[in-house]
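Engineer: Starting off with a structure, shown below.
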Amino acid sequence: MDMDYAHFMVTQGRKEKDNSVPSSPSSEAYKRLLAETLNLNRTRILAFKNKPPVPHTASASSTTHQAKPTKPRRHIPQTSERTLDAPDLVDDFYLNLLDWGSSNVLAIALGSTVYLWDASTGSTSELVTVDEEHGPVTSVNWAPDGRHIAIGLNNSEVQLWDSASNKQLRTLKGGHRCRVGSLAWNDHILTTGGMDGRIINNDVRIRDHIVETYRGHTQEVCGLKWSASGKQLASGGNDNLIHIWDRSVASSSSPTQYLHRLEDHTSAVKALAWCPFQSNLLASGGGGGDRTIKFWNTHTGACLNSVDTGSQVCALLWNKNERELLSSHGFTQNQLTLWKYPSMVKTAELTGHTSRVLFLAQSPDGCTVASAAGDETLRFWNVFGDPNEAAKKSAPKKNQEPFAWANRIR
């Protein structure tokens, strides 16, 4: 930008370099001093020897664009939102007495009676009280339509009810010899697990309802969960085993062979949960002699991770909106623990129950969790986030087609 200096360097400076003659040290020192005085020693324009000072008026916002924006930490209430009495709740680890249907109605079995609590209105109604020779109720599970419900009984039978009309539709008999403590729906197939170790697929549309029988457990089947695709079934038993069954190789003529037999747990396995964001990932929890949560690749049968929780694992639920897992526990804290996946860092511990938290159920929007414990209380926790935020995430995005404003030509 200094035209005089530039002209000197192009003309006179070049001549001096070309016609340079040896000079004395004193002459060189004089030239150096003269150049510094006249600001001629400018080999690097805009070169700093030291970093420029930080301006005192700099605000925090001026540097935020450089750092990656961090997601605000979600507030997790440490106390239950609501508590309901659950008298005569059977304190039995191997049963499954709580389920939340797609119609936002919670079903809970108290002794020989099944009650329905409508989460939209807060109203409670009695669905059925079974006879003493049939009861108590040992399992409940809503069908995908949120209207029909299966009820497993102590006498080995399973009843199907229509909750809208409060009418019994049919009774499934002849499959089991002992109580039916676990149920799982897969479209029109109702899978039942019994104390006899049998797992039976029942097609509720047909008269001869037993279509497949899975034999692999030697003791009571206390956990049953179908994968979201309906292709794989996970079963857990009092024999400390997990079996993965593949529906595509099921046969009605002979007992179906399991796809994988997982033997790493050292106590009964009731808690099972399929991951909602990775179809072949299964979480399992062991009883009081095991106390671990394990993660499995159900395609290969490999155990991916095992975490010692320090207490009996009664139930597991995945967060549908975040990569988190909720577990419920027994002695000594009787707590609910929220874990970040896959790091398995504890995000929260929720206490309030005074006995082991046997059952968990998740609301249809995925945000609220109901827990039932041996202390005969039913508690509701806003542990998985704000329902309004979840609704925004799940809302379908508008199709941004080009010329979407124009009338379509049919």
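Cβ coordinates are placed from backbone N, Cα and C, and glycine is handled just like the others.
Grabbed the feature section from TrEMBL, which reads as follows:
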| type | residues | note |
| --- | --- | --- |
| COMPBIAS | 58-67 | compositional bias 'Polar residues' |
| DOMAIN | 84-381 | domain 'CDC20/Fizzy WD40' |
| REGION | 49-82 | region 'Disordered' |
| REGION | 390-410 | region 'Disordered' |
| REPEAT | 130-171 | repeat 'WD' |
| REPEAT | 214-246 | repeat 'WD' |
| REPEAT | 350-383 | repeat 'WD' |
Engineer: I need to check the long-range neighbours of the repeat 'WD' (350-383): which residues 6 or more away from its ends have a CB within less than 8 Å of a CB in the stretch?
Structural biologist: 76-89, 91-93, 95-104, 106, 108, 119, 146, 312, 314-317, 319-321, 326, 328-331, 333-338, 390-391
Engineer: May I ask for the residues of the chain that lie six or more residues beyond the repeat 'WD' (214-246) and have a Cβ under 8 Å from a Cβ within it?
Structural biologist: 93-96, 178, 181-187, 191-201, 255-256, 258-263, 265-274, 276, 279, 282, 284, 286, 290, 296, 298, 301
Engineer: With DSSP helix as H/G/I and strand as E/B, how many residues of the repeat 'WD' (350-383) fall in helix, strand and coil?
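Structural biologist: For that range the per-state counts are 0 helix, 17 strand, 17 coil.
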Engineer: If you run through the repeat 'WD' (214-246) with DSSP, how many residues end up as helix, strand and coil?
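Structural biologist: Per-class counts: 0 helix, 19 strand, 14 coil.
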